[in-house]
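Q: Structure provided below as structure tokens; questions to follow.
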Amino acid sequence: RPPTPPPPGAPTARILFLTDLHWDRQYVAGSAAACPDPLCCRGAPREGPGVAGFWGSYSKCDLPLHTIDALLAQLPNATGRTSNATGNSTGSFAAAYWTGDIPAHDVWQQSRGDQLRALRTVTALLRARLGGLRVFPAVGNHEATPVNAFPPPYVRGNQSAAWLYDAMAEAWQDWLPPAALHTLRAGGFYTAQVWPGLRLVSLNMNFCSQANFWLLINATDPAGQLQWLMGVLADAERDGEKVHIIGHIPPAHCLRSWSWNYYRIVNRFEGTIAAQFFGHTHLDEFELFYDEETLSRPVSIAFIAPSVTTYINLNPGAPQTPACVPPNQPSPPPALTVPPAAGYRVYEVAGSYPGSSHAVLDHETFILNLTEANAAPPGTRPPWQRLYSARKAYGLPTAFPSDWDRLVRRMQDDEQLFQLFWFHLHKGHPPHEPCGSPCKAALLCALRSGRAADPALCRPLRPTLPFPRIQELWHRQRLC
Ligand SMILES: [Zn+2]
Ligand SMILES: [Zn+2]
């Protein structure tokens with residue numbers, strides 16, 4: 001049964017969603033914003049144009065800690081909230097979901113010590129700024145070193161991931177119950193109650209990742225995570241709980257077998273999984289799930305929120321969004337002129353009351369315009385602003401899966417609506433190159449694709465491109 005809108009006056013709750021912070025400890029304001037390395041805005045300050053701004057840069061750069069701190073400091077005071085755990089008072093948050101990628105993109109020089117310092121520093125900052133607000137983290141692909149290297153639990157000793165998961169369990173122990181810390185230490189995933197009637201599952205999506213070379217040895221349900229997930233969902237179904245799933249890498253970016261099994265699980269438990277939340281692509285998009293029998297009835301949606309960092313995505317496991325340029329043309333240099341602004345997301349969900357769907361009712365996206373912030377006099381608080389709210393911007397009656405399915409169809413015919421989505425996809429800073437018809441076909445196809453490499457999901461859109469061309473365009477995104 002699809003979710004129904006909450007009755008008038010029913011409580012709602014706001015959930016703060018942070019993803020892909022990518023703190024660069026070596027960020028230097030005034031350093032070169034363009035450089036041959038994969039990460040810039042570091043090193044000696046210099047004179048002239050093209051230098052790193054104080055709050056961040058529209059370039060191949062991550063963020064200084066004071067920008068992350070400024071983001072957290074301007075949020076509605078989480079410590080001031082009432083004892084009402086569902087946070088009904090306007091503005092304040094009932095919980096925070098934080099889906100990973102804490103360290104910067106200087107992946108070629110990171111040590112385990114660097115990664116642990118990033119984990120502890122940013123965790124401490126969240127605890128200090130968010131006070132008693134409970135934060136539910138998920139493990140990103142950048143937490144480890146080498147990047148993407150997450151050995152499954154059968155690997156023991158110094159090669160294992162214990163150095164990372166043990167540190168996470170220690171850093172996050174005030175936010176998570178003992179049972180969650182136990183599975184976190186074992187495999188980097190856990191479940192915990194958010195409030196009565198709502199359970200959270202935090203998945204370690206590195207066990208689905210094409211870039212995790214440990215899975216070349218054995219990719220069969222690494223760490224038994226999907227088996228475990230089915231157990232958690234079956235218990236929740238029995239107990240009448242709803243479940244929010246969070247994770248870093250979105251499901252359609254996963255290895256094909258993992259992704260198709262996950263799709264099947266979402267189908268089986270469509271009545272229990274109230275929402276799914278991911279990050280990693282640094283872009284503002286989503287992946288729809290349909291019933292497996294007909295692939296026509298939308299049963300779930302994985303929201304993909306834009307990154308806090310400005311970093312333009314160059315890492316493997318790239319976003320499934322289209323290329324900046326049509327294939328057969330020479331690849332452009334990595335876009336340095338108009339990467340995204342810094343940003344974060346707030347989800348409004350049905351609150352805690354008997355019979356609540358705990359479904360997403362709307363979401364809002366906030367950004368920091370770095371041109372304005374960097375031009376302001378020193379000491380000025382940076383002006384975070386609301387970029388848009390989903391229902392209003394797209395004219396959605398509700399924000400259930402069927403509304404997003406209709407939005408994709410509407411975008412096919414309504415070019416103005418599609419351009420608005422394209423603008424939001426890039427946090428208000430779209431690339432110079434417009435999204436032509438192959439690009440548009442590939443993007444709309446990606447939005448319908450909750451599982452990897454399935455041409456059938458795009459067929460109702462009657463794309464003008466053959467599916468292999470669409471996949472090619474998805475891969476080309478890595479270049480921009
Ligand atoms: Zn990231
Ligand atoms: Zn990532």
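Note: Cβ is positioned from N, Cα and C throughout, glycine not excepted.
The shown structure was predicted, so the numbers you read here are calculated from the model rather than taken from an experiment.
What TrEMBL lists as domain 'Calcineurin-like phosphoesterase' is 14-282. Here TrEMBL flags D20, H22, D101, H282 as Zn(2+) 1 binding site. Summarising the annotation, TrEMBL assigns disulfide bond to C35-C40, C41-C61, C208-C254, C435-C439, C445-C458. Per TrEMBL, Zn(2+) 2 binding site is recorded for D101, N141, H248, H280.
So that I understand the layout, could you describe where these features sit and how close they are to other parts?
A: Less than 8 angstroms from the CB of D101 (Zn(2+) 1 binding site) sit T19, D20, L21, H22, G140, N141, H142, E143, H248, G279, H280, S307, T309, each of them six or more residues away in the same chain.
A coil conformation is recorded for C40 (disulfide bond) in the three-state DSSP classification, outside any helix or strand. For C40 (disulfide bond), the count of additional Cβ atoms within 10 Å of its Cβ stands at 23 [all protein chains shown].
D101 (Zn(2+) 1 binding site) falls within neither a helix nor a strand when secondary structure is assigned with DSSP, and so counts as coil.
Sequence-distant neighbours of C208 (disulfide bond): residues of the same chain at least 6 apart with a C-beta under 8 Å from its C-beta are P222, I249, P251, C254, L255, W258, S259, Y262.
The Cβ neighbour count for C435 (disulfide bond), using a 10 Å radius and every protein chain shown, is 21. According to its DSSP assignment, C435 (disulfide bond) is coil.
Within 10 Å of the C-beta of C458 (disulfide bond) there are 20 other C-beta atoms, taking all protein chains into account.
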Q: What are the non-local neighbours of C35 (disulfide bond), defined as same-chain residues 6+ apart in sequence with CB under 8 A from its CB?
A: G43, K60
Q: Select, from C35, C61, D101, N141, C254, H280, each of the recorded positions with a Cβ positioned under 6 A from at least one atom of ligand 2; if none does, say none.
A: D101, N141, H280
Q: Determine, to the nearest whole angstrom, how far the Cα atom of C445 (disulfide bond) is from the Cα atom of C61 (disulfide bond).
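A: Here the two Cα atoms lie 30 Å apart.
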Q: Could you state the CA-to-CA distance between C61 (disulfide bond) and H282 (Zn(2+) 1 binding site) to the nearest Å?
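A: Taking the Cα atoms only, C61 (disulfide bond) lies 13 Å from H282 (Zn(2+) 1 binding site).
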Q: Considering only the recorded positions D20, C40, D101, which possess a Cβ situated under 6 angstroms from at least one atom of ligand 1?
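A: So the answer is D20, D101.
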Q: For C445 (disulfide bond), just give me the three-state DSSP call.
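A: Looking at the DSSP assignment, C445 (disulfide bond) belongs to a helix.
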